[in-house]
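Swiss-Prot annotations:
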BINDING   GLU95, GLU120, ASP147, ASP175  S-adenosyl-L-methionine binding site
ACT_SITE  ASP175  active site
BINDING   LYS179, ASP211, THR249, HIS250, PHE251, GLU252  substrate binding site
Amino acid sequence: MLVVAAMRVWNPEEGWANRVGRKREGKIVEILRRVTMTAHGLSHFPRQLLRMPRAALRKPNPALDLDSWLKTPEDLPATINSQTLFGNDQPLEIEVGSGKGLFIQTESDRRPEHNYFGIEIARKYAAHAAARLAKRERANAKMLAGDATPLFAVTDEGKRIEDGSLDGVHVYFPDPWWKKRHRKRRVLSHDNILNFSRCLRVGGRLHFWTDVLDYFELTVELIAEIAPELGVPLPETQRESTHDLDFHTHFERRSRKMGIPVYRVCYRKRS
């Protein structure tokens, strides 16, 4: 079977091939989704088939001063906590892979008594998220343009994030790294899971959402094996959105609008 999508061709043996045709994002996506699911007996539509053209990311307003909201690894203090980042002792939560920053913008407004630190490896997205915070003058949220893994890691120099110092770790729709040889790059890797757990306080929560069932199942199994202190996985229910930005993240909005199941789980550290 051969499926023609916007600017791309996909077949089950070779995946995406040469670009063809003209860009048509509406009906062609729905046809692709239904035909592929029916032909291959799929229960969900794989996200790797959704590499549709995206609108260009708007550059932040040059009039906005992002210094208070956008940090680089060089800007960070030796120890990362609420006191060193925000100058107070409010509970600190970290989002790994903030993307365009919808979650950190919404959650920092909803819970002003908590601090939020978003980490995004792609600088243009980190800047976009920081601009959202700057525009709204969020005093309890900041963005880092950088890699989260070195910040959570335990090295010969010590720990950047102390044991039991975080109230929450959020990982939403991380890159699934489809090829088996690349899976070690996943955010929820063996070492990262151990470090996320180490950094959480007792009662702190690890949130993980994805639209990739294989990633979800493997991660739940891995956590049960190596981090039993996180307890049993607690499902997080889907709520109905009331407007176009009433979603956890932009990825959740896209997946739900295209009818793709989203798998959600939360862990509460027991000891």
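Keep in mind that glycine also has a Cβ here, set from the backbone N, Cα and C atoms.
Annotated pair GLU252 (substrate binding site) and ASP175 (S-adenosyl-L-methionine binding site), C-alpha to C-alpha distance, rounded: 13 Å.
In the three-state DSSP assignment, the secondary structure recorded for GLU95 (S-adenosyl-L-methionine binding site) is strand. Apart from GLU95, GLU120, ASP147, ASP175, the S-adenosyl-L-methionine site neighbourhood in this chain, defined by C-beta within 8 angstroms of the site C-beta centre, holds VAL96, GLY97, SER98, GLY99, ILE119, ILE121, ALA122, ALA148, PRO174, VAL187. Ranking the binding-site residues GLU95, GLU252 by how many other Cβ atoms lie within 10 angstroms of each Cβ puts GLU252 at the bottom. Take the CB of LYS179 (substrate binding site) and look out to 10 A: across all protein chains shown you find 8 other CB atoms. It is ASP211 that, of the binding-site residues ASP175, ASP211, has its Cβ surrounded by the most other Cβ atoms within 10 Å. Counting other CB atoms no more than 10 Å from each candidate's CB, the binding-site residues GLU120, ASP147 peak at GLU120.
GLU95 (S-adenosyl-L-methionine binding site) sits 18 Å from ASP211 (substrate binding site), counting Cα to Cα. ASP147 (S-adenosyl-L-methionine binding site) falls outside any helix or strand according to DSSP and counts as coil. Recorded residues GLU120 (S-adenosyl-L-methionine binding site) and ASP211 (substrate binding site) have their alpha carbons 19 Å apart, per Cα-Cα distance. Mapped onto three states, the DSSP output places ASP175 (S-adenosyl-L-methionine binding site) in coil.
If you compare every pair of Cα atoms in GLU95, GLU120, ASP147, ASP175, the residues listed for S-adenosyl-L-methionine, the longest distance is 14 angstrom. Taken residue by residue with DSSP, ASP211 (substrate binding site) is part of neither helix nor strand, so it is coil.
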